Each structure stands twice: as structure tokens, then as C-alpha cells.
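Undergrad: This is the structure I want to talk about, given as C-alpha cells.
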Amino acid sequence: QFETSEARKMSKKEEAELSGPIELTEDMILDALGPESYTACGLPFFQKFARPEVFFLTLCFLGVTQGMTRSYTGGTMTTIQRRFGLTTKAAGVISTGDDVLEILFSMHIAFMAGNGHRPRWLALGILFAGLSCILHMIPHLVFGAGDFAQYAMGNFSLSANGSAPKIDWRGCGMEELEDPRCKVDAGLVELEQWTIIILQFTGKVGLGFLSILTSTIGVSYLDDAVPKDKFPFIVAVGACIRFMGPISGLSMSSWALRWWVDPSKHDNVTINMKHHKWVGAWWIGYIINTAVLAIPFIGFIMLPRQLPSVRRRHIEKMRAAAIQGKESLMKYSEKLRPPREPKFSDMLPSFNRLRKNKLFITLFLNLIAFWFSIGCYFMFKSKYIENQFRMTASEANKYVAMTGFVSSMVGFLGMGTFLSFVKPKVKNIIYMTCTLSLILSGCFTAMLFVGCDFGEVHGMDLVLQNEGTSMKSSNSLDSCMTSCDCGRKFSPVCVNDQYTYYSPCHAGCSNVTVQDKTKEFSSCACSKFSPGALEGKFEVKDGMCDTGCEDQFYIFICITLILKCALAANRSINGAIFIRAVTERDKDMALGLRNWVAGACFLTTPIAIGAAIDYTCALWDVKCGKEGFCILYDVSLYRNIIFGIPAVGMLFGFGTEVVLMQWHDEIDFYGDKEKKDLGI
């Protein structure tokens, strides 16, 4: 009985020590935050720049540069496919380089960098990104324009034995010319393809390393530096600034692709940009990207491990917690980022804490639905615009940039301002994100019905059925084309701005002239069978006819504006909730897992969806007997794939947000609960 009484007295004494005020010592601060030297810059001169505003602006500039590089790579990919004869599936494999890194190492990189010197890790990522840009340029420096130069420079190519030049087009009854390299060096084409795939893939890995760092430790460093209630607005402002990156990248790709792949010979090119053999200067933008990356590199290499203002704020909160008692101080200190050097063995406890966090798991499932859906849309949108609305790669990139900037900026900035200054209840915030998910699903569904038909390509059915051999024909046009004994090479011509023929040969043409980089054909025997040409009045020009799809294109643009705005607002909400669903010590690990799921989705999406899009190809370009770049797609099937999948995915995301509604009381969105617990 005596021992029980003593134990009760001791427990009361310990309880009083835990709940009563204590003195905050320097050792306590050192254990929780590390030494004062953590706030020192690389050089004393830069100490006055160790401020949240400087880090924010440097991170935004890096985001602009990073977005510019990524969008430039995407904007030039179709041209790279054409130049090196790559399938969409091969292009999809290239685009997964950064995703492979994220799947394998994103959690490890985020955890180690998050508990180390975060600004210097960012500087290391920039260094890798610069090297990656150089790798992207190497294929052009080695291989140049390839056989496309033969088609573009005066429309002449050498015969198979390298002797006299022959005009590079095939008219009715003419002998078809072969690519000399198919006989002289049969392995050169394959060497080019493997080189571009390996170097572009490796370059994407380097860019992926920087992407992991900016989206994990960059976000966590910023979140540590700014007030919680202002974080949505600051992120929205940063997003608006960073949107200049994709816009700049797409605009730069639009500009670069207007130049011939060898700019020094641009004035000698005799084909225009709409010609299917046009190859723009896809490589030139990487020079600019490499130079611009030097600016944020200098900024991050000089910033301290811990901003002085962040340390002061933590000390103030520790003092407030010490007044509440030892237990309150211990509870607050446990949430902080460990000041010691990280170990891989510390990852498992952090992972287990996240695994038991129901808010995190629900948001994790939401991310899976989002990234898989949006990855499908973003990766193949430019290619879809090119093929559906018959635009050049330069024009497609321009319209993608124009429709994305303003509407996305309105969505991010509008929602960020609303969350930070109006401060709606968490329940109402989740209601808004549910509504936005339904709007997004509706926009993708509407896009399934926006499009138009190309019309028939006369002669293509003959090529696909028997690869150009003679066959019995049921009408005069087919009989005329068959008698010309045409080959497989696709070189479309347009009759009277309405009717597209597979090649000048299929139109029965025997003469050609070049005016203003456009071929005009005459003596076209088969074109007289086209409707409207019966009176003997017909005009035959190089290239496919316009689709007359302007009205549908404007509808597509309007839907895209709504979609981009809703998408930005939706991600603004979900991103802020994701940050608030975890403690500071687990923040980098959580962001690393977010990158992991993004990488997993972006790894499977380009390959799986790319293969599905290849399945919709109606006509392949054949080089040395092998299928390469897809020339014509079945755009109806293409449209169903890239818009149908996101429509369903957004509905799944809506379901996870409905589940999140059940636990809205547990989300400390503005940091009010923490202040209440500390008595601030």
C-alpha cells in the first residue's frame, strides 16, 4: 500500500512537470533545430539575401526554366519522330526517362535531400539538368538532317548508284527512287534511331532528377518559410509565374520549328512548313535552356540550409510550447525536421506514419486518378491538334500555349486568393474540389464529340490493300491510278482545294513546277475524274487539302479554356490539402511518394497509351522496309482514347474527394489548430 501511494505521488509529480511551464534552453533549441550556422550563406555577402522572398523568386525562375525545357521537349517530339522515323510508342519510351527515376529513387532522394542542405541539392539538380540539355542536342550534331536534306534542297536526290541526280518525285509510270542509304549503309537508320532514343531517354533522367527536387524539397522549403494561411496564395502566384515556362517553351519550339533543321541552309529549302517532309530546328532551343539554368544555380548554391526567419519563428513557437509544459514542447519538437544528417534507416518509420494516415492515403488515390488521366491528355494533345485540325507542329504548339496560359492563371490565382483571404471552411473547400472534378469530367466528355472528317485520300486504299501492285478496279478513277503503277511512298497532292490524292502518281501527273516553295503539278490524267473537274478545270498542288474544320477548332479551344481553368483551381485545392495532411518531419517523404505515383502513372501512360494510339494509325511511313513515323491517324479513335480515359479518371477522383469529406475536421488547413494547442 505504501509503494502504491509513493508511485501515485511520483506520477503526480511527473505529471506536474510535464504540464507545468519549463525554461527553454539553448541545448533544447540545438537538439530541435541544429546549430546557428545552419542559417549562414555560402558567402557572407549573400547573407542579406537569405530571405523567403529571394528563395521564392529563385524557385519561380527555376520553375520557369524547368517548364520551358519540359514543354520544349514535348513540343518538338513530333518533329523528332518525323526526323528519325520513331513510332509513338518509341516516343513514349523516351518520355518515361524521368518517370523511371521517380519510381526507383524519388522517395530516397526526397528523404535524403529533405533532411540535408536543400538549396544545394537543388543546385545539384540544376547541374544535372544542364548536362541533360547537352545530351538532347548530340543527335543533331552527329547526324544532321539525314535524308530529309535531299528532299528539301532543290528537290534533288542521287540515284541508288550515286551517279546522276534525279528529280525527287514520282509521276505516273515513272520508276520509283529508293533511299540510297538503304543500300549503301543499311544499318545507319537503325543506328540513328537507337542513338536518339538512348540520349533523349538519358537526358530525361537528368531532368527528372531536378523535377524530383523542385517538387519535394523546393515545396517543403517554401512551406517552412511562409505563413500557413498565406501558402495557397503564394503557391498560386508562383504557379502563375511558372506558367511562363511552358508558354515560353512552346513559343520557343514554335519559333525553332519554323527554321529548317539546318538553319544555315534555310533559304535554300524548296518546301514549306506544311509539307510532310519538313523538319524544323528541333535542337536549337536546348542551347538557350542550358544558358538560362545558370541563373538559379548561382542563387541556390548560396542560400543557407535554414532561413534565419524560419529559425526565429520555430524558436518563438518552442517558447510558447515550453510555457504549456514539457509534454507540449516535446510534441511540437517531434513534428520538426530532424537537424542531424539523415540515414536511410529513418525512412521506414516515416513511411509507416504516412501509411497509417487516412487523409494521406485518400489523397494518394486521388493523385493516381489525376496523373494517369491528365498524363494521357497532356502528352498527346499537341499531336492530336496536328492531326485532327491539320496544323503544323509550330501552329499546334502556339495554340496549346495560348489556350493554357490565361485560363490556367485565372484558375490558380483566383482559387489561391480565395483560399488565403476569404478563408472558407474546410468542408466548403472540399465541396468546391468535388464540383471542379465533375466539371473536368464533363469537359473531357464534351471533347469526344468535337472533331471533323478528313475526307477520302484517293489511292490510299489501293496502297494498303496490295502495296501498289495492279488490281482490278470497279471505277474509272481506280483504273487510272492502277495503270500508273504507283508505289508506297506518301506524297499527297490536292486537287481543286477539295480532293486529296495519295501522291502525284495516283493523280496521274507527269509534270511539276516549283513556285514559292510549293510544287504545282500539271498533266494529271487521273485528277479529271474528281468531282468538279469534269469541265477540265482543275488545279493540283503539293500537300493535303485543308479540312475546313475551323468551327470545330474554335469549339475545341473554348472547351479547353474552361478545362484549363477548372484543372488549375482543382489542383490548387488538392495541393494545399496534401501539404496540410502530414507533419513537417514527414512532408518530404510524402512529397516523394507523390512524385513516385506521378512517375508510375507517367511511365505507364506514354507506353500504354502510345501503343494504343499507334493502333489507330491508318498509314505508316516506311523507311528501308520498316514502319516508322505514323503519317495519318484514325482521328475518331485517337480522340476517344485521349479524352475518354481522362473523363473516367476524373470521376474516380471525384469519388476520393467525397470520401475525404468524411474527415474534413482533421485537416488543419490554416494552422489554427496548432496555434490553439500552443496557446498563441
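Placement of Cβ uses the backbone N, Cα and C atoms for every residue, glycine included.
In case it helps, TrEMBL gives these features for our protein:
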type	residues	note
TRANSMEM	121-143	transmembrane segment
TRANSMEM	197-222	transmembrane segment
TRANSMEM	234-261	transmembrane segment
TRANSMEM	281-303	transmembrane segment
TRANSMEM	359-380	transmembrane segment
TRANSMEM	400-422	transmembrane segment
TRANSMEM	429-450	transmembrane segment
DOMAIN	474-528	domain 'Kazal-like'
TRANSMEM	553-570	transmembrane segment
TRANSMEM	591-613	transmembrane segment
TRANSMEM	641-660	transmembrane segment
Undergrad: So if I exclude everything within five residues of the ends of the transmembrane segment (641-660), which remaining residues of that chain have a CB under 8 angstroms from its CBs? That is, six or more out.
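TA: 359, 362-363, 365-366, 369-370, 372-374, 376-377, 380-381, 384, 430, 433-434, 437-438, 440-441, 444-445, 447-448, 577, 609, 612-613, 616.
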Undergrad: With pairs fewer than 6 apart in sequence excluded, do the transmembrane segment (234-261) and the transmembrane segment (359-380) have three or more C-beta pairs that lie under 8 Å?
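TA: No, since the transmembrane segment (359-380) and the transmembrane segment (234-261) share fewer than 3 Cβ pairs closer than 8 Å, they do not count as touching.
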Undergrad: By DSSP assignment, list the helix, strand and coil residue numbers for the domain 'Kazal-like' (474-528), in that order.
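TA: Breakdown, helix to coil: 11 helix, 16 strand, 28 coil.
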Undergrad: I need to check the long-range neighbours of the transmembrane segment (553-570): which residues 6 or more away from its ends have a CB within less than 8 Å of a CB in the stretch?
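TA: Residues 239, 374, 389, 399, 403-404, 406-412, 414-415, 432-433, 436-437, 439-440, 443-444, 446-447, 450 contact the transmembrane segment (553-570) from elsewhere in the chain.
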Undergrad: By Cβ distance under 8 Å, which residues at least 6 away from the ends of the transmembrane segment (281-303) in the same chain are close to it?
TA: 41-43, 46, 49-50, 54-55, 58-59, 61-62, 65, 68-69, 72, 76, 79-80, 83, 119-120, 122-123, 126-127, 129-130, 133-134, 136-137, 139-141, 249, 252-253, 256-257, 259-263
Undergrad: Across the domain 'Kazal-like' (474-528), what does the mean pLDDT come to, as a whole number?
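TA: That stretch averages a pLDDT of 76.
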